[in-house]
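Visitor: Dropping the structure in here first, questions after.
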């Protein structure tokens, strides 16, 4: 077995993760509805041998578009277009179990996996958003227990649909006139409280058997769900100590659930400003921070941090009392609030400084440094039990991705921490995950030996 | 204004519309999960200047896969992949209003329209299928009135979402820090009996404003729906007289609904077997018919025709009494039964002959002849008020598409009935349909003059 290596995804946000990236003189916000732009990003990520590209998503307008572009294109369709110009790059889309139906979503991801010959991943979210709820006839979003109860049934149903056709169900015997063996195509017969699906699925099993299951929950419900289902976990930590605590907790929960902890990849977000010197990197960060719009930042702080800072002067220190109760992470809704609370407690920033701190990546870890400094941070987190890799969140696309892949990736490769060539063709191959057998094949094998 | 010309779509069925096409020696059923196969079909259709490719769909296994492949890939994702290798070809996917949610489906089609720069079409179906119902927690499918009541609300909501961002909502003024004008992004506030959506949409208005709305209902409810909403109608007729009656009815219903009947294109299905002589074409058809599997044909007759022929000898005439009551087309479910009944009444076929008759295209018009004969039929239907064009259903893909585009299309072009070059870039351009203004832009303009 080869030694342990990093997994690196490019987390796509159209003009970049820094909230003011679209205002930068080099930015091309007019291209965010041009699929060729995303195809260029895909080619660049693949040229650097990254594991995957990743899109967030939610069924509602997610940002104050007065001040900043939202995602424009739907992620699964965009990833199909990116698949057609690449051969190895993994393709991960976010989709909500609360606002989709398993049969429809199972088909989209199965199709993405077929079209990309085995490169699809699904980032499972439960969408704690009243705006999303209102787009589906609800007055507010279901509570966290209900959302995760539905998510469990939803994922079980989806996996059963993906398993519905055994790998050898298609016979295609022209002479005998048998296209498929009906004994190898199974109903799924899910009858849950939230989800009922009879099946069978209407598509052959996809190249990966099952697209890779990704998750990003940090609440207790979220961690429990992740430990049972997720094969990769996206998470937000500012400091290595917090990341280590999270890493240890998830790996042990996975082991408790009877899983191989090595098959749960933990990938924190990392947003790097890069410069030839540290001072140059900080100047670049400052250049972006000066483009921020205060009203937007205050809105984000209120929305994600759930605090009201109206009346507070920009140059006053943020009172930590505003975050009272943030330690209680019973709900994902609250997990980013906790990240913000820790920053305030630790750094005692002015309101302006806090806004700048969050402008880069909404609470994810933003670093400014030389390529060697950034590579050192990555290596430290990787070797000290804080991460299996990273979700790279360039402040600006495509420039920030190019800076990372051309300056940091070669250092990581030189240190033997990152691949120099793909050794497999599927996302499962890149993440070192086994290809699961169909659960129906197992059932029959068991029956056969009884 | 140029003279009236044909609209020609290629209706895709993976190995071809003849039910035994996959068994033919030239068939490649192993390629139906290979997206490059569909990309090749798209390139061939575009080289022949066809208006569009079209995929049927439904959220359930739709055919007896023991005897024949079903569609494998999901159509919208497949069309994205086909979009990336073409520049003009229209891309039409079927999707169900009964088993989708408007916000999710509006996004997929909007994204397809953005990615293809204005070539998306949505074939709206209501899915009369118990198998589909069982995949969404229902014991049987809702009745036709309920399905169409939901469809009307669904389409209204979807169109409102597509209109939600006015065409000039995106400002992208870097200096002023204004990405979009919130006054030009509208909530949709649909609160119906079946569908509730608040909005706003999370994507800018797509190149066509609204993807083209296509429909295939032949029942009274279906025709009424089509007259109000559809910009193209797919329909099945064996004889020009039936097609003329349908054509006249739809155009007059559209006029009654206050629409321009020229903006409702009527496109019957046509499945051509082509040969250098008529005898050669008939031999080709016979070759395919000899590959049919009786059990499959009987199952289809039972499922689509709703008759029980068990016990009937293959060489006995089918008693017309079996189709009693088929003239009553209150439900789409029944419309194909009516087509079958008319064949039996008119041709008095044996059961074997009826099975062969239906094997080509499930009740659509199958013709066998020389390129000139097929072109003559097309011209006759087109000039005598039976069709604005056709949904071409090649018995076999890719061979049957190639035969049609290389032998029949040139004749139609020579006669001035079909374009020799695309004159526009969008599907609306090809169909001669206007690009609709956002309904919210209209509201404001009216308000402004009050």
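Any Cβ shown, glycine's included, is placed from N, Cα and C.
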Visitor: Which one, A:148, A:179, A:247, is listed by TrEMBL in the same FMN site as A:57, A:94, A:218, A:219?
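Guide: Record source TrEMBL; matching candidate: A:148.
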Visitor: Which number gives the other C-beta atoms within 10 angstroms of the C-beta of residue A:148 (FMN binding site), all protein chains shown included?
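Guide: Excluding its own Cβ, the number within 10 Å is 23.
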Visitor: Just to be sure I understand the packing, how many Cβ atoms besides its own are within 10 Å of the Cβ of residue A:219 (FMN binding site)?
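Guide: Summing over all protein chains shown, residue A:219 (FMN binding site) has 21 other Cβ atoms within 10 Å.
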Visitor: Going by DSSP, give the three-state secondary structure for residue A:219 (FMN binding site).
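Guide: It is coil.
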Visitor: In the structure shown, which of the binding-site residues A:94, A:218 has the fewest other Cβ atoms within 10 Å?
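Guide: Selected from the binding-site residues A:94, A:218 on minimum Cβ neighbours within 10 Å: A:94.
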Visitor: Among A:57, A:94, A:148, A:218, A:219, which the record lists as binding FMN, how far apart in Å are the two most distant Cα atoms?
Guide: 19
Visitor: On the three-state reduction of DSSP, what should I expect for residue A:57 (FMN binding site)?
Guide: coil
Visitor: If you draw a 10 Å sphere on the Cβ of residue A:57 (FMN binding site), how many other Cβ atoms land inside?
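Guide: A 10 Å sphere around the Cβ of residue A:57 (FMN binding site) contains 19 other Cβ atoms.
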